[in-house]
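Enquirer: Take this structure, written in structure tokens, and hold onto it; I'll ask about it next.
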Amino acid sequence: MKFVDEAYIDISAGDGGNGCVSFRHEKYKEFGGPDGGDGGRGGHVYAVADVNLNTLVDYRFSRRHDATRGEHGKGSDMFGAAGNDITLRMPVGTIISDAETGEVLYELLTAGEVVTIAKGGDGGYGNLRFKSAINRAPRQKTPGWPGERKNLKLELKVLADVGLLGMPNAGKSTFIAAVSNARPKIADYPFTTLHPNLGVVRVAAEQSFVVADIPGLIEGASEGAGLGHQFLRHLQRTRLLLHVVDLAPFDDSVDPVAQAKAIVGELQKYDAELYNKPRWLVLNKLDMVPAEERAARVKDFVKRFKWKGPVFEISALTREGCEVLIRTIYKHVHEQQQIEAGPKEIDPRFVEVEGDGVDLTDPRFAPRDSE
């Protein structure tokens, strides 16, 4: 399930330092000659593709990024130090374009790829540069060049890690609004969500996952009822499904267990692979159930539903139980990412060997027949 994540940033590379006008002062030497150094170059702004990131959410809260300017030149032939570079880490697949013209400038397609998105200005020349046979005591210098300044648009096609599954009005939109930066339409009638909504859940610094709120399913979705084919197809590439169930429906004639079974039936009819995907049960609207009845109602639901997988009891409205759920989700998603990445290749030259440092299993050290 792909969405487009966008962010806008303003970047400034550092200006170059100014050149210096200075003359050498030595004892018994009245005219020591020029010794003014050049200014240092300004800091560059780099972008690097980081495989551990999957969204642009950090750049929504941090729009401006400035590198430092180079130091000015000094006397005694001292050149100014270069400004500090800054490196912006972005997910693999990020498209960087000019925010005003829309021109695509860079694409980060491979992990570890580095591009210079703004170059620092060159340092100005000190008067040492202008010394000649004719001009023995130059007083010229040049200012540093300005660094590049750009307004950029970052765009990323995001693959949702987690999909929310459930009947209309089960509280999926309320949940995604409670745990992420998404603001879906929320109301007390079914089919509030008419299009998939994307939310980025930040667990900690540089720890996040993407959750997708799919429009509520109805019976017959596997045959296409209620745009069922389109919505079910969105769930196929997620790593985890959360089956959200309204534990306290307003209509007493509605049986949550029957509704949950209907959803599972639609999954099974549509695609066996989707049905076998990791799925967790999330019992929502816990705040509507009296405290003394909660344990019994949850136990009864799980028993009648014949559920043997993970169960989470939450209230999306009050956020009760949400913190534990999102941290558990992140752990699962992170583990899946590590598995998909595969084992890292290890250079055998750097493998530590116990004992005297000789690997006796190496065929080079096998005993010869003459021995």
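In case you wondered, yes, glycine gets a Cβ from its N, Cα and C as well.
The following feature annotations were taken from Swiss-Prot:
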- 166-173, 191-195, 213-216, 284-287, 315-317: GTP binding site (BINDING)
- Ser173, Thr193: Mg(2+) binding site (BINDING)
- 1-159: domain 'Obg' (DOMAIN)
- 160-334: domain 'OBG-type G' (DOMAIN)
Enquirer: Counting all other Cβ atoms within 10 Å across every protein chain shown, which of the binding-site residues Asn169, Ser173, Ser315 scores highest?
Expert: Ser173
Enquirer: Ranking the binding-site residues Lys172, Lys285 by other Cβ atoms within 10 Å, which is at the bottom?
Expert: Lys285
Enquirer: Determine the mean pLDDT over the domain 'Obg' (1-159), rounding to the nearest whole number.
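Expert: PLDDT averaged over the stretch: 87.
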Enquirer: Looking only at DSSP and grouping its letters into three states, which state does Lys285 (GTP binding site) belong to?
Expert: coil
Enquirer: Helix, strand or coil for Ser315 (GTP binding site)? Use DSSP.
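Expert: Reduced to three states, the DSSP call for Ser315 (GTP binding site) is strand.
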Enquirer: What's the CA-CA gap between Gly166 (GTP binding site) and Ser173 (Mg(2+) binding site) in angstrom, rounded?
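Expert: Checking the Cα atoms of Gly166 (GTP binding site) and Ser173 (Mg(2+) binding site) gives a distance of 11 Å.
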